[in-house]
Amino acid sequence: MCVESDGCEIEGCSSSDEVHTLSGSMSPGLKSSPDLHPCKPGQKFRAALLRCRSPAAAAGILSFGNVLNYMDRYTVAVFICSFMVAAPIFGYLGDRFNRKIILSCGIFFWSAVTLSSSFITKEYYWLFVLSRGLVGIGESSYSSISPTIIGDLFTNNSRTMMLSVFYLAIPLGSGLGYILGSSAKEAAGDWHWALRVSPVLGMTAGTLILFFVPEPKRGHADQLGGRIKHRTSWLCDMKALAKNRSYVFSSLASAAVSFATGAFGMWIPLYLFRAQVVQKTAEACTKDICSSKDSLIFGAITCVTGLLGVVIGAATTRLCRQKTERADPLVCAVSMLGSAIFVCLIFVVAKKSIIGAYVCIFIGETLLFLNWAITADILMYVVIPTRRATAVAFQGFTSHLLGDAGSPYLIGLISDALQKSYTRSVLWQFLSLGYALMLCPFVIVLGGMFFLATALFFLDDRDKAEKQLAAMTRPPSSVKVS
């Protein structure tokens with residue numbers, strides 16, 4: 001029996017380096033023969049293919065797939081209950097089976113379901129709801145597993161940069177989803193067309209993953225050539241994650257970010273439109289299909305602020321690491337607290353100036369998006385490689401459960417409750433929604449506090465993870481060759 005340093009019993013103690021697939025087992029490494037011989041048919045193609053499978057190319061392909069993931073997710077208001085239920089399952093599979101196969105199957109599945117759902121008529125609305133639930137299952141595989149591959153291909157500042165590119169997909173995909181949904185609805189007069197663009201791109205991404213993304217060994221970038229023994233049980237993984245204070249607090253902080261972004265995506269365009277009605281620069285909409293100008297502007301701002309946020313976040317963290325080892329959670333905490341200030345200012349200036357409100361949105365979102373990639377990097381530091389997919393999955397589960405799964409509906413309920421007194425007042429419609437949205441900056445401040453708590457325990461949890469990895473790693477010299 002082998003026992004890990006956190007009290008977990010390791011399932012087996014062999015030095016086997018195989019990665020199990022869903023249909024058997026295979027070696028994760030690509031073996032090459034030192035013997036020189038004439039190329040057989042197809043070998044030149046395979047050699048050229050292997051040369052293209054660089055870590056940077058893999059990170060780029062995975063990032064492209066993540067853009068489509070979030071673009072499709074925000075094309076229509078999605079029921080994400082299925083996403084939350086499926087994420088822990090894919091976290092378990094991602095720590096134990098071939099990840100690129102799971103990713104490809106997931107992206108092909110959600111692309112096919114998305115395309116099929118675009119042809120469902122309103123008479124079968126229940127079938128459409130079911131199809132969107134199935135999309136959540138496919139997307140959960142991607143969100144849970146992709147970051148762990150990047151974590152096994154890069155380390156330190158390089159990993160921070162690549163994760164920044166990957167998580168750029170959240171604001172970029174969300175913004176493109178708003179733009180695609182609004183543009184398709186106005187151009188074709190039917191929002192179903194928004195669901196017929198992303199599936200083609202999704203199948204392209206799935207094919208690229210199959211051919212160009214490698215399947216690295218768990219902990220490949222963290223261990224110095226050693227081999228990780230068999231992983232611990234799922235129950236043991238869950239107990240270890242629950243005791244990991246940095247992981248718990250950073251997950252709660254991530255949920256605060258999701259709460260705010262989910263509420264903003266649903267209500268800010270409508271809030272700004274009502275502000276223009278109050279300022280008498282726009283007329284109240286009484287048609288079924290209203291102007292989507294504010295959604296387009298908000299989507300464009302989301303794309304730009306996402307780009308700035310991840311770039312500034314990566315650069316700031318890299319600079320601050322030279323000053324303190326707690327740079328990652330501290331940068332996140334400061335950016336969250338700064339974001340809360342500018343989010344509050346949105347509701348102060350919107351009544352007088354739409355441009356001023358957009359400026360506050362721009363700065364507030366930039367600071368909010370600063371921490372997306374850094375949060376993932378914190379996870380990579382404090383969680384050992386063999387349980388990272390499970391950790392990412394449950395962090396996503398927490399973020400949705402406490403964040404964007406309920407925040408749009410909660411804001412709507414508060415606004416409707418406040419609006420009951422003066423239902424016909426245009427001014428009160430605007431103010432009631434603003435008062436409801438004021439809940440967001442308070443949640444953002446709470447998230448900043450969670451990141452400060454993460455900073456307190458970050459170094460201890462990181463050192464513990466490094467010791468556990470060292471205990472689970474067998475140097476190549478100790479491996480018996482038969």
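Just so it is clear, glycine is given a Cβ too, placed from its N, Cα and C backbone atoms.
Quick caveat, the model's predicted, so the values are computed rather than measured.
For the domain 'Major facilitator superfamily (MFS) profile' (1-464), the mean pLDDT of the prediction comes to 80. For 1-464, the entry in TrEMBL reads domain 'Major facilitator superfamily (MFS) profile'.
Residues annotated as transmembrane segment in TrEMBL: 74-94 (among others).
Annotated transmembrane segment per TrEMBL: 101-120 (among others), in sequence order.
For 162-181 (among others), the entry in TrEMBL reads transmembrane segment.
Among the features that TrEMBL reports, transmembrane segment is placed at 193-213 (among others).
Taken from TrEMBL, the feature transmembrane segment covers 247-268 (among others).
The transmembrane segment feature in TrEMBL is assigned to 296-317 (among others).
Summarising the annotation, TrEMBL assigns transmembrane segment to 329-349 (among others). Within the chain, the transmembrane segment (329-349) has long-range Cβ neighbours (under 8 A, six or more residues past its boundaries) at 246, 250, 253, 256-257, 260, 268, 313, 316-317, 320, 356-357, 360-361, 363-365, 367-368, 370-371, 374-375, 378, 434, 437-438, 440-442, 444-445, 447-449, 451-452, 454-455, 458.
Per TrEMBL, the feature transmembrane segment maps to 355-384 (among others).
Annotated transmembrane segment per TrEMBL: 435-459 (among others), in sequence order. Note on the transmembrane segment (435-459): residues 245-246, 249-250, 252-257, 259-260, 263-264, 267-268, 271, 325-326, 328-330, 332-334, 336-337, 339-341, 343-344, 347, 368, 371, 378, 381-382, 407, 410-412, 414-415, 418 of its chain, located 6 or more positions outside it, place their CB under 8 angstroms from a CB of the stretch.
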